[in-house]
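Written out below as structure tokens is the structure these notes cover.
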Amino acid sequence: MRRWNGWGDESDHFELSDDARDFLRARIGDGRPPHDATIDEALRGVADSRVHAAARFDTDPRLRLLHARGQSFPDWVAMKSGRFGPVADAVARPASHEEAADALAEAQKLGAIVIPYGGGTSVVGHLNVPVGDRPVVNISFERMNRLLAFDEKSQLATFGAGTPGPQIEAQLRGHGALLGHFPQSYEFSTIGGWVVTRSSGQQSLRYGRIENLFASGRLLTPRGALRIGSAPASSAGQDLREAVLGSEGRLGLLTEVTARVRRLPASEDFHAVFFPSWEAGVEAARAITQAEVPLSMLRLSNEIETETQLRLAGHTELIKWLQRYLGMRGIAQGQCMMVIGASGSLGATRRMRREALAIAKLFHGVHVGKAIGKSWAKNRFRGPLLRNALWDAGYAADTVETAVNWPQATATMRAIEAAAREVLYADNERMHAFTHLSHVYRQGCSVYSTFVFRSTGDPDGDMERWRRLKARVSTAIVEHGGTISHQHGVGVDHAPYLIHEKGELGLDLMRAMARELDPQQMMNPGKLFV
Ligand SMILES: Cc1cc2nc3c(=O)[nH]c(=O)nc-3n(C[C@H](O)[C@H](O)[C@H](O)COP(=O)(O)OP(=O)(O)OC[C@H]3O[C@@H](n4cnc5c(N)ncnc54)[C@H](O)[C@@H]3O)c2cc1C
């Protein structure tokens, strides 16, 4: 069963080894283990529903609670403390496009606000329930989780919008196909959620971001249904798929998604390369990308992330061997790890790897073989479980991400980390901040930073710290010309910064589109823009 107040399945744990605990203690001090609320305590805070249970809506308090939050830092503090804040008055769980249309019509009759719910993995407050006089309902897509159509010749697959990653790939495998969209939240996030948040998977270098995979879909707006996209390409005016991508539930319910799929690759492998410095690694990443080596992924960790990953992974013997080997090859302090992935036919995979490694060598990259890459691939969806273990040990964690042009990559990374560290100086506390580049483009790359700090032991104290952190790092991002989000979307947490990239007129255009399709402003108000 999925954890109600954390990440992952309840049976799935990521233990912090003694070495990992020592490492954190040395970096930021002893953690302060929290006192978490039980679900019964949390349920006591759920207000009575303001709507009567109706054909499509269930008012069960537990169900409402389980749909009330995502995975952002404020969501975690709310779930862990049991102080959820407002929850929706009812939840509908349609099993088809038609049932979703009925639920939307019923919500309209109730004069309710609708918050669409995919997998609940939002990390920016997309699912927050607003306070106000209007009732609020969740329309959740968890029952719309099937492959509905498969067009072998066109390589198109249509899914119910609530289909999560593993179910997508399992159903496609039977047709010898794959989608190849692997966000780290893959186990729980859904294809509908991916489209409306403009998600990016770990192997987007080969498979593309969700905007490249989204061929067409069905959108139920309060003003009626829209079919979007279909032809392989079109010059017939503006592409309405672009309006749906990133719409964050503001335009309506995306009920079905037709995605461009591929044949399953015959071979796939991941290799690790170590660089003597971050700067060498970034230049190698840029050179490999601009040489258009068709890798499936490339991820470069900075010095601190490299050390943190190796220490928290707990493979003591492998790491000793690695350090001896790297030492002999002249790589010691400041080492940065790059993981590259290649997928395709056996021959193509080998060729890509050879080409990438040859370029890496020009920047003094040392190839250390498959073991680390293999372990990264095996554990790539397990990383977020660490957040549970950190929390239990008294440490809080959060992340930010952006994308910038290549010349800004290093300065942005350093500025984000410096801003995060400065936040805690006033409290006489230390921040453990580390970064990687994981999505690379010819023009630039994403920059993804993680922060670990000691919990204050008090939900209000943690939130106060987080607000300062979020404000400082978001400001550092916009000052460096970065987007406020490369992959997580806007929600409420990033909304104040959207103006920097869209401008007033651009925001007006977005608001106008929502007004046109949703005149009663019932669809997820307060998210993306106000
Ligand atoms: C541990 C972790 C790792 C993550 N890693 C990545 C990553 O690698 N890449 C990445 O891109 N993101 C990542 N995310 C962020 C998150 O998974 C994505 O934003 C994801 O796309 C959200 O999908 P979801 O189905 O969970 O949507 P939800 O969280 O349920 O909803 C997100 C927003 O979409 C709306 N929505 C959802 N479904 C529909 C629908 N069918 N119609 C209309 N509106 C809808 C909701 O109203 C809400 O506004 C991560 C999150 C976590 C917690």
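Glycine is treated like the rest: Cβ placed from N, Cα and C.
Any TrEMBL annotation is an automated prediction that lacks curation.
Residues or ranges marked as domain 'FAD-binding PCMH-type' in TrEMBL: 84-264. The feature FAD binding site is assigned by TrEMBL to Pro116, Tyr117, Gly118, Gly119, Gly120, Thr121, Ser122, Thr197, Arg198, Ser199, Ser200. The site 'Important for enzyme activity' annotation in TrEMBL covers Arg299. Taken from TrEMBL, the feature substrate binding site applies to Arg387. The feature active site, proton donor/acceptor is assigned by TrEMBL to Tyr448.
Arg387 (substrate binding site) and Gly120 (FAD binding site) are 16 Å apart (CA-CA, integer value). The residue listed as 'active site, proton donor/acceptor': 25 other CB atoms within 10 A of its CB, across all protein chains.
Arg299 (site 'Important for enzyme activity') sits 10 Å from Tyr448 (active site, proton donor/acceptor), taking the C-alpha atoms as the reference points. Look at the binding-site residues Pro116, Gly118, Gly120 and count other Cβ atoms within 10 Å of each Cβ; Gly120 has the fewest. Confidence annotation: the domain 'FAD-binding PCMH-type' (84-264) carries a mean pLDDT of 97 in the model. Among the recorded positions listed (Arg198, Arg299, Tyr448), none has a CB atom closer than 6 Å to any atom of ligand 1. Cβ environment of Ser200 (FAD binding site): Pro183, Arg209, Ile210, His439, Ser446, His486, Gln487 lie under 8 Å away, each six or more residues apart in the same chain. Taking every pair among Pro116, Tyr117, Gly118, Gly119, Gly120, Thr121, Ser122, Thr197, Arg198, Ser199, Ser200, the residues listed as contacting FAD, the largest Cα to Cα separation comes to 20 Å. The distance from the Cα of Arg387 (substrate binding site) to the Cα of Ser122 (FAD binding site) comes to 15 Å.
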